[in-house]
Amino acid sequence: MDMSEINFSLDYAGVRGELRHDQPMKNYTSWRAGGSAERIYLPGDLPDLAAFLRGLPWNEPVYVMGLGSNLLVRDGGVRGSVVVLHARLNGLQLESDMGQMLIYAGAGVACAKVARFAALQGLGGAEFLAGIPGTVGGALAMNAGCYGTETWDIVSSVQTIDRLGILRRRPPGNYEIGYRHVALKAEKSSGSQKMGARENAPDDSLTDEWFSGAWFALPRDHAAAVRQKIKELLARRIHTQPLNLPNAGSVFRNPENDKAARLIESCGLKEFRIGGAMVSPRHANFIVNTGGATASDIEAVIAAVRETVKKQTGVELKQEVRIIGTPARPELHVSRTAYRKDGGYGG
């Protein structure tokens, strides 16, 4: 795509955010690996993001991410525009609706910050968010959860923005929600295809409509008790997860009535490595960057783990992390690796 077309569109839209070109995505993702993005946009605020989206050519690929804690960008990089919401859509406030206490959080707010804010307000139910290393937008997009609670368990409503810059407030009933799965239901009134889903896109993609914020409904609780729960959760996380090395959290979804980590460990794959990527000896569902890992190293480990577990146990693990972009050398790419191609959130 011709850069003059992009520049003209941005000038015409009158955007106020920051546009960066040819940015190494290892600087924006928690795996600290991968190729470069053709463009990265950091919006000034929600109206600015709307202006940016409206100004783009209709066929410009758009990816939205937060902290990049659930995302791998292949070594060949990614074409199009990557919108980084972390620390940008960062509104966080207490509201009340007919006696129900709500916390509004922008999509770029870190999940842990929401948990701390809720504790400060004497509200419970959001403690688990302290253990999710991503943003509100990413947690909404994948129904992130830990220790028995999932994001949509506490959602009252969400705010979204589409490629035309249109904002909507939607109730949970507009979505199909499951384990690490969120999809917008078909809008029967217009007879249109499921909003945000391109033909042949994965069924859990929200490609043309993204979360820009959410209202969480939380019960009253004692602030000290909430803080103690958060403290205990974080201690458990430190004890069980390899937080000392770059990683993207859980790589695979847990199969029904089982744990991905248990299956991987049962196959003797702890400390299995390719290049700088290794299955963590502390938690088998984590792949860590031991230093200098490429995206190809990480993706090769993912493929090898899936293949080995399938061969030895008969269980086919499903990926939880998102992989976007093109390989540095497509002819050498491990094509059997399953991946999501949508432009949804990356943590």
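Using the three backbone atoms N, Cα and C, a Cβ is placed for every residue, glycine included.
According to DSSP, Arg180 (active site) sits in a coil region rather than a helix or strand. Arg180 (active site) counts 18 other C-beta atoms within 10 Å of its own C-beta, drawing on all protein chains shown. Residues annotated as active site in Swiss-Prot, with sequence analysis given as evidence: Arg180 (among others).
Positions annotated as active site, proton donor by Swiss-Prot: Ser250. Taking a C-beta cut-off of under 8 Å and a sequence gap of six or more, Ser250 (active site, proton donor) has these contacts in its own chain: Ala260, Asn285, Phe286, Glu320, Val321.
Classification of Glu320 (active site) by DSSP places it in coil, neither helical nor stranded. The active site annotation in Swiss-Prot covers Glu320 (among others), and the record cites sequence analysis as its basis.
Annotation source Swiss-Prot lists domain 'FAD-binding PCMH-type' at 33-221.
Cβ neighbour count for Glu320 (active site) (all protein chains, 10 Å cutoff from its Cβ): 20.
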